[in-house]
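**Q** To start, I am sharing the structure in question, which I have written as structure tokens.
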Amino acid sequence: MLDRNKLRNNLDFFKKKLVERGVSESQFEAYVQADKAMRKLLHQIELANQKQTLLAQQVAKKKGDPKLLKESKELKQKLEQLNIAFKEAETLSQELLLNLPNIADESVPVGRDETANLELLKEGRKPVFDFTPLPHWELCERLQLVAFDKATKLTGARFVAYTDKAAKLLRAIASLMIDLNKNKYQEWNVPVIVNETSLTGTGQLPKFKDDVFKLENTRYYLSPTLEVQLANLHANEIFTEGELPKYYTATGVNFRQEAGSAGKQTKGTIRLHQFQKVELVKFCKPSEAIHELEEMTRDAEQILLELKIPFRRLLLCSGDMGFSAQKTYDLEVWMAGCNEYREVSSCSSCGDFQARRAMIRYKDLTTGKNTYVATLNGTALAIDRIFAAILEHYQTKAGEVMIPQALLKYLDFDKITKPK
């Protein structure tokens, strides 16, 4: 959530920065007017309270004065009406504020969509095959790794059921990701069901209510990302400065409606309603956030280096970043069978945007004041997508898939062949 006071005192600056994030001028103006209306009512309440205090003193001096008693009664009724109006105005103002995204860091390029993203680096060589490589969904069918039909029977479209070696490979991928960061990040195992407050804290609600699965007749939701659980572990808490920075990680399942994915590639294991990933979350002082983002992104990249899969790093433009992000790097792997790059990680600094919503603070030793922390989150990595990338990158002319060296210690096989 943006700082109300900074917004009020820098309207032109915030209008420019928010328009760069895709906010319409009318949406911004609606918030400004709602905030003004709320403050006007608050001022009227303050004046009425002052008048009520004076009236009380006068009534005490002139006991039983009918005129003063009537005036006091009318003022009391007016105050009640003003307080009701203020609560309504405050609710509207808060709702509109919660729907405004974070503003971009000055280092972020301005742009509408992914075409304005900047490619910063490439690692690894794209494989050269002496045959036509297959996309992962065809390999899944030929090697009987994913029972797409059974998953559809169990649930519906865009769910998958991994079989035997595929299930073991998925578990191995998750283990490698956790193990590579276990000395730096504290591991958690958290619920997959979260409440409205947690989703509001990290920014999924209220704006993206159509993208999350809500449990019927409850205020609970299936979590769309482990960022929600890990970031909200310290909601309404105050760190000592010495406790920062804190690094957390978790692996688990996530659920998304993917309401805006019409027309996008939905074959295979890339874009699912239920998916698995390893998440990294950091809490630090705001002045250290950008440095911590660089470190987090390198932590995610290290996994790809271990797996020896070619990838690139992108700096996302203002219009392509997530709602809560201040600055974001995406990591995309080369999908040899699809002949394209696909995202497997998104690492973001959110500044104090989420901390302000979730009330996560630290005691600043210099000022003695409670100050909002900065939060960061990153996928390290998307497990189903890495599974797909391994199939495409390590496929052979014989129709087999070799297991990357980094995963062999977790498995009792070194290649996947078609079952007899």
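Cβ coordinates come from backbone N, Cα and C, glycine included.
Feature annotation from Swiss-Prot assigns L-serine binding site to Thr225, Leu226, Glu227, Glu279, Thr379; the stated evidence is sequence analysis. Marked as ATP binding site by Swiss-Prot on the basis of sequence analysis: Arg256, Gln257, Glu258, Glu343, Val344, Ser345, Ser346.
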**Q** Counting other Cβ atoms within 10 Å, pick out the least crowded of the binding-site residues Glu227, Glu279.
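**A** Minimum Cβ neighbour count within 10 Å, taken over the binding-site residues Glu227, Glu279, occurs at Glu279.
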**Q** Among Thr225, Gln257, Ser345, Thr379, the binding-site residues in question, whose Cβ has the most other Cβ atoms within 10 Å in this structure?
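**A** Highest number of other Cβ atoms within 10 Å: Ser345.
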**Q** Whole-number Å distance between the CA of Ser346 (ATP binding site) and the CA of Thr379 (L-serine binding site)?
**A** 6
**Q** Could you work out which of the binding-site residues (Leu226, Arg256, Glu258, Val344) has its C-beta surrounded by the smallest number of other C-beta atoms within 10 A?
**A** Glu258
**Q** Which of the three DSSP states, helix, strand or coil, fits Ser346 (ATP binding site)?
**A** strand
**Q** Within the chain of Glu343 (ATP binding site), which residues six or more apart in sequence place their C-beta under 8 angstroms from its C-beta?
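**A** Spatial neighbours, sequence-distant, of Glu343 (ATP binding site): Asp330, Leu331, Glu332, Ala382, Arg385.
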**Q** Please state whether DSSP places Arg256 (ATP binding site) in a helix, a strand or coil.
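**A** Note: Arg256 (ATP binding site) is coil by DSSP, not helix or strand.
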**Q** Rounded to an integer, what is the Cα-Cα distance in Å between Arg256 (ATP binding site) and Leu226 (L-serine binding site)?
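**A** Between the alpha carbons of Arg256 (ATP binding site) and Leu226 (L-serine binding site) there are 12 Å.
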**Q** Using only the residues recorded as binding ATP (Arg256, Gln257, Glu258, Glu343, Val344, Ser345, Ser346), report the maximum Cα-Cα distance in Å, whole number please.
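**A** Output for ATP binders Arg256, Gln257, Glu258, Glu343, Val344, Ser345, Ser346: max Cα distance 19 Å.
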**Q** Using the recorded L-serine site (Thr225, Leu226, Glu227, Glu279, Thr379) as reference, state which further residues of the same chain have their Cβ within 8 Å of the centre of those residues' Cβ atoms, listed in sequence order.
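**A** Neighbours found: Val228, Leu230, Ala250, Asn254, Lys277, Leu280, Val281, Asn377, Gly378.
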**Q** Between Glu258 (ATP binding site) and Thr225 (L-serine binding site), what C-alpha distance do you get in Å?
**A** 13
**Q** Please name which of the binding-site residues listed here, Gln257, Val344, Ser345, is nearest in space to Glu279 (L-serine binding site), Cα against Cα.
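**A** Minimum Cα distance from Glu279 (L-serine binding site) across Gln257, Val344, Ser345 lands on Ser345.
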**Q** By CA distance, which of the binding-site residues (Thr225, Leu226, Glu227, Thr379) lies nearest to Gln257 (ATP binding site)?
**A** Thr225
